[in-house]
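Reading through the structure tokens given below for one structure.
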Amino acid sequence: MYKDLEGKVVVITGSSTGLGKSMAIRFATEKAKVVVNYRSKEDEANSVLEEIKKVGGEAIAVKGDVTVESDVINLVQSAIKEFGKLDVMINNAGLENPVSSHEMSLSDWNKVIDTNLTGAFLGSREAIKYFVENDIKGTVINMSSVHEKIPWPLFVHYAASKGGMKLMTETLALEYAPKGIRVNNIGPGAINTPINAEKFADPEQRADVESMIPMGYIGEPEEIAAVAAWLASSEASYVTGITLFADGGMTQYPSFQAGRG
């Protein structure tokens with residue numbers, strides 16, 4: 001537990017399911033005030049609110065598409081209107097879909113880039129604007145991936161979005177460090193989320209993924225939420241401009257284990 005997170009206001013995009021849901025619940029247990037964002041499934045967002053209430057937390061749900069500028073502006077303003085301020089912005093919303101690069105339509109490309117990269121930029125911009133105008137030493141956390149470092153065939157749009165996020169985060173961190181605003185990435189590896197449920201339910205596919213992880217197991221959403229809580233806390237007060245990989249060692253070239261290579 002991080003006592004300094006108590007009373008902080010945290011906005012998490014794409015937080016009605018998966019990693020975002022786990023982060024919302026974790027910050028609620030830290031006694032932060034949480035803004036749950038969803039794009040279309042209000043019932044999922046309401047379910048998260050119920051879970052937050054069960055742990056004694058305080059939260060609201062705000063509908064919005066991170067690819068729509070006015071929706072992102074409204075999301076941040078809703079947090080400020082409801083809770084009086086904003087302290088932590090977590091740009092978590094994202095998507096992926098496999099397509100051979102030579103068959104990828106411009107629409108396929110734009111959909112992923114607009115959600116993963118442009119959406120994170122808009123969230124970062126609106127949060128930082130508020131921090132600067134109100135002299136707040138706030139925190140921005142962007143949800144990147146091991147694929148900001150590891151190439152991923154059939155997912156060139158996704159890899160490009162996360163590679164772009166890496167330098168976006170580093171640039172924002174450098175630009176706003178003098179004002180005490182911290183900007184960091186989290187780079188998850190293989191995590192047990194709904195988007196991966198079908199794949200990991202297949203024993204052969206699961207074993208194949210686990211073979212790429214030196215620690216030998218697929219991570220849980222709560223392990224990513226723990227990283228987010230630390231990065232948002234004063235324990236990480238001197239940390240900015242990094243990607244903190246939470247991947248069981250996946251980015252450490254496991255094929256070279258045991259002296260191979």
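Yeah, the Cβs are placed from backbone N, Cα and C, and that goes for glycine too.
The Cβ of L19 (NADP(+) binding site) has 26 neighbouring Cβ atoms from other residues within 10 Å, across all protein chains displayed. The feature NADP(+) binding site is assigned by Swiss-Prot to 11-35.
Neighbour count (other Cβ atoms within 10 Å of the Cβ, all protein chains): 28 for S145 (substrate binding site). Feature annotation from Swiss-Prot assigns substrate binding site to S145.
Annotation for Y158 (active site, proton acceptor): same-chain Cβ neighbours under 8 Å, separated by at least 6 residues, are E96, V112, N116, S145, H147, W152. In the three-state DSSP scheme, Y158 (active site, proton acceptor) falls into the helix class. The annotation active site, proton acceptor is assigned in Swiss-Prot to Y158.
According to DSSP, V11 (NADP(+) binding site) is assigned to a strand segment.
Within 10 Å of the C-beta of V11 (NADP(+) binding site) there are 29 other C-beta atoms, taking all protein chains into account.
For S15 (NADP(+) binding site), the number of other Cβ atoms no farther than 10 Å from its own Cβ, over all displayed protein chains, is 30.
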